[in-house]
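Take a look at the structure set out below.
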């Protein structure tokens, strides 16, 4: 075994080990502390958990590739809300009145298109102006949210289409529709990042941008594509979630960007870019959802959950730093 | 006579306030190794950036096979058959060796998929030619610096190159790897590729090149046949005068031993280092890059923990856990990278100089501005720092004056041991001798001075004694009377390692 292989393996498998640990802990603790009689590792409960991970999870996949690319996108929560409004509102537009249930794919398409465009807009600004993605998307986060409030003030936008609800609540092969979407997105992006030239170039750009430029990789278009993908996924997440709920508040999706980034970082993606994996992010998403559900199961309230997740995030980063130290003789900074 | 594969004609490149290249011409024949030489800042890298399409020239033309071309960017330069082997490693550490070698031109299958089978088989073929001990799927970050350099070199073999530019390729290679590199170069030569070889190392230049072109301050100094010239002539072209290899003759009154190091080791970085420095003495540390000199300085400044050995200050054993420990004990380090490690470029001269002691300069809760200005004035006069005033931003000063600010900063801390790492890197010739004079004067005032340098004239010039290092070990310690160029070169190349004191 090469030196460093052990810590490499530790780092890659760490998130799954952590999930196993959570499962054991909550099963055991649940026996004593839980108010309900149901076991934590109940089959239905786990399926529900996957379904509940989907909204954050789908966006987190996009965030993974944007962060591997060396950028970040803070505007996903607002994009999510815009896409949700377009989805629900467009179904009531008079021009689509004659379509019957065929309005559903049209509304979906519109919402996804809007998300993609908003993401691409972020990407173009980052590409053409060279302004840091953090700042650009901080601005668009505020701006997009402003658009959401301009649309309907503080009032929720609602529209229930029962065909759509049936679709969203369906279970194919045991898995919920939302879970299927999460799985497909994960698989597709895993393939893109590990098997395509675009994916490998995205890694190279995030890892050493100068080297990528020297090698003649066109940095800008790759970044824009990734921003367009995350915009699309934020909209997809909204589409999947609001097809079922049918009502969107103008505040929906707030803080999503932070939950998403937390999941991505827990999953082992470097904040500075160049390293990380879509599969790791899936682990991060599930770990957070497990923690939320598990703490709820043993009777903790929401604020405790947030405190614990925050502490774990910091602990993970400290651990990661320890594993990355190259030995005692390293230069102290 | 055959046509040159690559010809640059009267290239002019200006940046705001600087004429970086002023009418430079260069022609490379097929199968020729053409050396490009010049001091730091002479315009070599700017010229290569023009050639690579990173900068556009203001005047002049680039011709390939006698046809004018415009290099719009790195991709185009590569497509035209110009390959760059960069001095700074231009690698993505998290990716595999194969992906790095073919960065920017990964073989594709349908739908933009990477053709891994082709990629790995092509890479393995190249690696076999280079005779290296790692495979195509190795992660680059896990390789040693020398092996990473070999990955960089492997890039030259990926395309059908017409011209390959090597920028200081041997800086981090061992002798065995150099042999492989020279084989690669001669193979390229045989297949009619034109090679531009940028290096400071005379012995390599004279071993492998056919012609030498010299730049000085952005100006073309001429091209000579390597066979018909010698080191001295080339050096004269480079610096515009004869190389001053005079040794330091004067010695100051030596005081007590200020710093003593016994059997100091730090992992693989250096091993069993022992030396001492007296007050009033300048000890030069000479060796190749990577010999462990900077690491010793960093250890003495509390930036690294030694794995073995003792450090004694004024005869008393000390443990230095952090720079603040070291400063408190009277050790100061003027670092190698002036702009990155020594100065805050956006701050003014005064604030830079008082940075390490600003905590002590307080009037109540406020910074004592008057005291700060007083300190600045004192060292400005002492060190002859030329600046319009303390309000000047350090970033606007010349390299020599910047270095004096750093030195002044540490002198104001009243150290007993002053460590300077590459004190004149990137500083023009005139300021260099001023800094040298300054170092001698400081010793005369009773400081113990440790000078780390990769420039032989510098070490010879300022040192009372010279410690020669080779791959983490002290090979020999010379006094300024007994040292000769040859013995010094031999010692830092690892030859003749008899430890005479």
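Along the chain as shown, the residues are counted starting at 1.
A Cβ is built for glycine as well, from the same backbone N, Cα and C atoms used for every other residue.
Any TrEMBL annotation is an automated prediction that lacks curation.
According to TrEMBL, the feature transmembrane segment maps to A:14-33, A:53-70, A:77-96, A:102-121, A:133-153, A:173-193, A:224-243, A:258-291, A:298-319.
If you count C-beta pairs under 8 angstroms between the transmembrane segment (A:77-96) and each of A:53-70, A:102-121, A:224-243, A:298-319, the highest count goes to A:102-121. Highlighted: of the candidate stretches A:14-33, A:53-70, A:102-121, A:258-291, A:53-70 has the greatest count of Cβ pairs under 8 Å to the transmembrane segment (A:173-193). Tertiary neighbourhood of the transmembrane segment (A:102-121): same-chain residues 73, 75, 79-80, 82-84, 86-88, 90-91, 96, 140, 144, 161, 163-164, 167, 224, 227-236, 238-239, selected by CB-CB distance under 8 Å and a gap of 6+ residues from either end. Long-range contacts of the transmembrane segment (A:258-291) within its own chain (CB-CB distance under 8 A, at least 6 residues past either end) are made by residues 11-12, 14-16, 18-19, 22-23, 26, 49-50, 52-53, 56-57, 59-61, 63-65, 67-72, 76, 182, 186, 189-190, 193-194, 203-208, 305, 308-309, 312-313, 316-317, 320. Distant neighbours of the transmembrane segment (A:133-153): 66, 71-75, 77-79, 81-82, 85, 89, 118, 121-122, 125-126, 223, 250, 254, 257; these residues of the same chain sit at least 6 beyond its ends, with a Cβ under 8 Å from one of its Cβ atoms. Highest Cβ pair count under 8 Å relative to the transmembrane segment (A:53-70), across stretches A:14-33, A:224-243, A:298-319: A:224-243.
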